[in-house]
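**Q** Quick one: this structure, given as structure tokens, is what I'll be asking you about.
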Amino acid sequence: MKTVSLSAPTRSSTVKFRMPTRDNLVPIRVDVEVDGQRYRDAFTWNPRDPDSEIISFAKRTAKDLKLPASFVPQMLQSIQGQLAEFRSYEGQEMQIKEKIMPLKIDLRVNNTLVRDQFLWDIGNLDSDPEEFARTLCDDLNITDPEVGPAIAVSIREQLYEIASQSVSAMREAKVSKKRRAPEFASNSKAMNNAVDMFKYFGSKGSVIRKRKEWYLYAPVVDVVPNEEVVVVDTTEGA
Amino acid sequence: MSPAAAGAASSGEAPPSRPKRELYTIPASSSWFRWDDIHETERSALPEFFGGPGGNSYGTASRNPRIYREYRDYIINKYREDPARRLTFTEVRKALVGDATLLRKLFGFLDSSGLINFSATSPRPVAQQPGLDAVLEAPVGLQVTPRPQVSYSVEERFGGGTGENVFRLPPLSSYVDVFGEWAPGKGPICAFCGVECKDGKVETLEDGFKVCSTCCKTNSDNEEANKCAGDKKESADNHASSAWTDAETLLLLEGVLKHGDDWDLITQHVRTKNKLECIARLIQLPFGEHMLGAINGKSDSRFQTSQTTDGKTNHYIVKDTSSQSNEMVDGMQIDGEQDGADKLVEEQPSKRQRLSSSIDVTGSLMEQLALLTTATSLDVVAAAAAASIKALGSENPQAKNAFHLSEKEYQGKTFSSNHIHESECNVGDQEGEMHGQTVPDKKLQKKYISTAYQVRAAVGTAVGVAAARAKMLVDQEEREIELLLASIIETQLRKIQYKIKHFEELELIMDQEYNTIQQIKESLINEWLKVLEQAFQAGVPIQRDEVLTKLFLNKSTP
């Protein structure tokens, strides 16, 4: 049994494009401005849901937030556009292989600032950003209920970007194969960010990080008092 | 916890260079743990590292047993630096290189199996902020509690003919929940029937509802479900910052009536509570379902009364629908035509059964019984009815009287098939009521008694029919099983016979081969002897070969 799995490890496989997480949820970010009012939001959407859900969602959100009805078509357009983009990737092939990438979180949610970096295996289709974010919030005693979902969406956005890059890399690889051009040229670009596996996981390496590097991968959370939020906002806008 | 296990674990932990050994008391459930080995529990919990099911990437760079041990040992050592402190995943994560998802799974496994955080004194961070937890999983707060069976019992008990009173709106049974024990000068009010309990026979359920003794009985089935709901409710109560006063609840209700589901305005109306608390409170108030149930009951009753008034039209509907249904309805049709309006009235329940295709959870117990009864043939129903009436009669002579009375009436009306009528009278859910109407007014007192017994007989009939049907099915199944078993055994036997034949052939072949081999051996020995003889005659010394010959002879002779 063991020898079989050792001799033929499935190092990489191709699957149809999807989010490289357990739940195939698409991160959606909406930023709509109507008549001087601005609505910004981020959430996840199941692409299997019927599109009729979007309009009811938009209406409901506008009602809950007491936004004028003129927001609804814009929100609808924004969400539909992002879903359409996701669906344009679906059906194409994506390479799933172990690839550990550093993900960065740099968010401000209401009064909470979160900055963090951690490693994520793009090939792990069992990953769950929401659960990760929940653990993070629990561990750090973050009380604001909006922080967790925001972190999860941020993770999903980065995964989405990497996955879509992988799709285009696959396409390029196919084209270049036909031309008999060297293959690695297109691949190296996507790979340059990934963790050097051999360095840490090889027989000489160690998965225990050096103490002086800890600060890079530790989360930093700041709670800004209300007065300062305004200041941060203005600097962000500039 | 066996001390031996603790000793083993800690002795393995201390490196040989360090003379001082640290003793850790670990939970008994994790006594399988060894520093120098990976246990089966670990393999099955985290197949990613060991190539189990789902661990298809076994042998890749970042997932193998060696890496697993490195992670595991680091996390456990880290925890043991300060066992009283709870180690968090976020803390561990910064020191380990690897996939965050995988690390979190590993950490969760170590945490849940008691290898870390087993003697941490600081509580889980989750427990410190249940509010946050609740918000993250907001939809869980909405829960559907089973609808109490008030309406059923009311219908059954008063079904005889109290008319409009039966279907009055049950009073807001949330009264107790809303106003607590405050109501002055009154006994507690039953949460189910809404009647004031003056006799002091009150039972308090887990969730604070008071229930009078009669309802408590009917409710006993539901109690389990209620308990669960109660637990959840309690947990929800935990994070409500303060208790609700009567005035606040009133304000909340007013606000809901005035502003619909605009919670901001409602919150402004209540003022003393925030939005979340308002929503939680409204969800806790249980009267919504009671109201709904009451409305359903009312519409039901209207349906029935309309049926009784224009029975003529309904009769034709029955005709139409019964064209594809079984003889049961056919028989009733004949009767209906023969006996006129009275019979039509009796048919109503059956018609309703026809219309409602499957057993409906919201339907009354009697309806379900009636539906059960229609599942089998007439004769079975009749037999069951007769049996149940007989049993009831022997149980109580008064019951006999009741049935005697009603049967006499029937005999006056029926023309031939007595048993069909008996079954009919036991089928419908509103039977009792119908009989009551046919009996003259002077027999009013007896009417109720007979109704009660008829209901009981109906129950008996239904159960009997169901049992008969079940028995039939069981018999059928048994026969089927026997048949299948026989065929299986037969095939097995045939298979074995084939095998035996095959083996016999094989044996024959073997014997033949053995014989030929023996012959070859003998000829070989003869040749060998000949060679030896010739060599001897020629005078060639053959010392070396003697040993060989001996061996050969020794081997072949036995």
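Cβ atoms are placed via backbone N, Cα and C, with glycine included.
Where the annotation comes from TrEMBL, it is an automatic prediction and has not been curated.
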**Q** Need the matching range: TrEMBL marks region 'Disordered' on one of B:1-21, B:211-231, B:253-273, and I'd like to know which.
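**A** Residues B:1-21 are the ones TrEMBL records as region 'Disordered'.
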**Q** Please list the DSSP helix, strand and coil residue counts for the domain 'Myb-like' (B:236-286).
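**A** Tallying H, G and I as helix, E and B as strand, the rest coil: 35 helix, 0 strand, 16 coil.
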**Q** List the helix, strand and coil residue totals of the domain 'SWIRM' (B:24-127) as derived from DSSP.
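**A** Helix (H, G, I), strand (E, B), coil: 51 helix, 1 strand, 52 coil.
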